[in-house]
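**Student:** Take this structure, written in C-alpha cells, and hold onto it; I'll ask about it next.
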C-alpha cells in the first residue's frame, strides 16, 4: 500500500474520535467517560482499517488516554481525593493488561506451537493421519479434521495452524490425482480437501480456549467487566457435546454437500509414507515435546484446583527451554507471539478502562430498559444470532471481538437472569464457528480461498450453509448442555 493513497486509514480513527467527542454527553454519563469511549471507538476503527499494525493502534490509544487521563480516565471526584496521583494511577492502568494471566497463557501456547514446528511433531502427526486414513476421500477429510484437532489446543494462532502447518501439507495432495487449481479437474478431490481445511480450522478454533487468540481476549474482557471467568476446563467441558458432534459430522457433511468426484485412491498414502520416511523415526526432541504437551493438557483439564492454567503454560515453556526443545532465541525472535502479546494486553487494558469509567454499567442499564419484558432465553438467543451475523462485516476476528464482545457482555450483565458463563462461552464459540461465513473472516480464509480450488460462489454458498448449521447447533447445545456443566 502506498501511504499517499491510504491516508484515509490514518484519518478515519481520528475523525471518529472527534465526531463522538463533539456529540453531547448522553444522560447518565460523565464527560470523561464519554471522551474515553470516543478514543476507545477510534481504536476499534483503527484495528479494522489497520493503517499500522493492530498492536501499534492499541498502544497509541493507551498512550493518548494515559497522557490525558485527568480528562479521559478519572472523574473529578477521583482527582480531588487526597493523595491521588493521576500520573502513577494512569501508568498502573496502562500496564494492567500485561499482568493478566490470560496474556501469559496465550504467550506460552505460542511457544508450544514453536515447539511443534521446530521438532516437526505437528507435521509428523498430520502425515501419519493422512497415511492411515487417506485411502478414501471421506477418511482423508477426517484426517484433516483430526490433524487440526490435535494441534489446536497448543496453537493459539489459527493462522499458524491452518495456513502454516495444515495447508502446506494438504496443498500437495490434489495434484497427486491430477486435480489442478482453477481447472475443471479441481472438483475431482481438491475442492473437498481445501474446504475441509478451512472448515476444520474454524471448528477447532471454537473447541479449545487456547485454539484462537480472540477466545482468550473474550475471557479477558469478561473478567474485566464482571470479575467472572471461564477456565480451560470449563470451556472444554462446555463445548464437549458440540465438539464431538461437529468433528464427526462436518467431514461427512462436506462430503455430501460438496462431493468429490474421486472417492478413493492410493497416491496420497504413498506420498505421506515417502514424506515420513524422509523425516526418519521419532526423535528424542519430538518425544519430549509430546510428553510435555500431554502433561499440559492433563493439567489444563484436571488441575484447575491446584495450578493456574497460565502457570502450567509458563512452567512447560521453562521445561522446553531446559530440555532444549526450543531456545531462548526462539522466544525473543517469535514476532507473531510478541505481536499478539502486545495487542491482546493492550485491548484488555482498554476494556478495563471502559468498565472503570462506568461506561459498561451505563450501557447495561440502557439495554436493561429496552430489553425488559422479554424472556432471558429469548434475549440471549437474539444476542447470539446478531453477534454471529455481524461477522459478515469484519475481516479480522480480533477487531470483531474487540468491537462487539464488550457490548455483548454489557447486555448480558444488564439482565441478571442471563447466565454469564454460558452466554460468554456461546459468544466465544460463535467467534470461531462464524469464521466460516466469508472468505475474509479469519487468517487462513484467504489462503484456502486463493488456492484455486474454491470458486467464489461455492465459498459463499457453503459458508452460509455451514454457518447456519453451526449456529443452530450452538444455540441448542448452549441452552441444553452448557448450563449443566457451567452453573
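Note that Cβ sites are derived from N, Cα and C of the backbone, with glycine treated the same way.
From Swiss-Prot, for reference:
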| type | residues | note |
| --- | --- | --- |
| TRANSMEM | 10-30 | transmembrane segment |
| TRANSMEM | 33-53 | transmembrane segment |
| TRANSMEM | 54-74 | transmembrane segment |
| TRANSMEM | 93-113 | transmembrane segment |
| TRANSMEM | 137-157 | transmembrane segment |
| TRANSMEM | 189-209 | transmembrane segment |
| TRANSMEM | 236-256 | transmembrane segment |
| TRANSMEM | 292-312 | transmembrane segment |
| TRANSMEM | 340-360 | transmembrane segment |
| TRANSMEM | 370-390 | transmembrane segment |
| TRANSMEM | 393-413 | transmembrane segment |
| TRANSMEM | 418-438 | transmembrane segment |
**Student:** For the transmembrane segment (418-438), give me same-chain residues lying six or more residues beyond its boundaries with a C-beta closer than 8 angstroms to one of its C-beta atoms, as numbers and ranges.
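**Tutor:** Counting only partners 6 or more residues beyond its ends, the transmembrane segment (418-438) has Cβ contacts under 8 Å with 158, 198-199, 201-207, 209, 211-212, 214-215, 218-219, 222, 226, 228, 230, 234-235, 238-239, 242, 376, 379-380, 383-384, 387-388, 391-392, 395, 397, 400-401, 405, 408-409, 412, 445, 460, 463-464, 466-467, 470-471, 474-475, 478, 482-483, 486-487.
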**Student:** Please indicate, using numbers and ranges, the residues of the same chain that are 6 or more beyond the transmembrane segment (340-360) and have a C-beta under 8 Å from a C-beta there.
**Tutor:** 29-30, 32-33, 36-37, 40, 43, 53-55, 57-59, 61-62, 65, 73, 75, 93-98, 100, 102-103, 106-107, 110, 156-157, 213, 216-217, 220-221, 224-225, 398, 402, 406, 409-410, 413
**Student:** Give me the stretch from 54-74, 189-209, 236-256 with the greatest number of Cβ pairs under 8 Å to the transmembrane segment (393-413).
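**Tutor:** Most Cβ pairs under 8 Å with the transmembrane segment (393-413) come from 54-74.
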**Student:** Under an 8 Å Cβ to Cβ limit, what residues of the same chain, 6 or more beyond the ends of the transmembrane segment (189-209), are close to it?
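**Tutor:** For the transmembrane segment (189-209), the nonlocal Cβ contacts are 137, 140-141, 144-145, 147-149, 151-153, 158, 161-162, 166-167, 170, 173-174, 177, 179-181, 215-216, 219, 230-232, 235-236, 239, 242-243, 246-247, 250-251, 254-255, 258-262, 265, 428-433, 435-436, 442, 444-445, 448-449, 451, 453-454, 458, 462, 466, 470.
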**Student:** With the transmembrane segment (292-312) as the reference, find which of 54-74, 93-113, 137-157 contributes the most Cβ pairs under 8 Å.
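**Tutor:** Most Cβ pairs under 8 Å with the transmembrane segment (292-312) come from 93-113.
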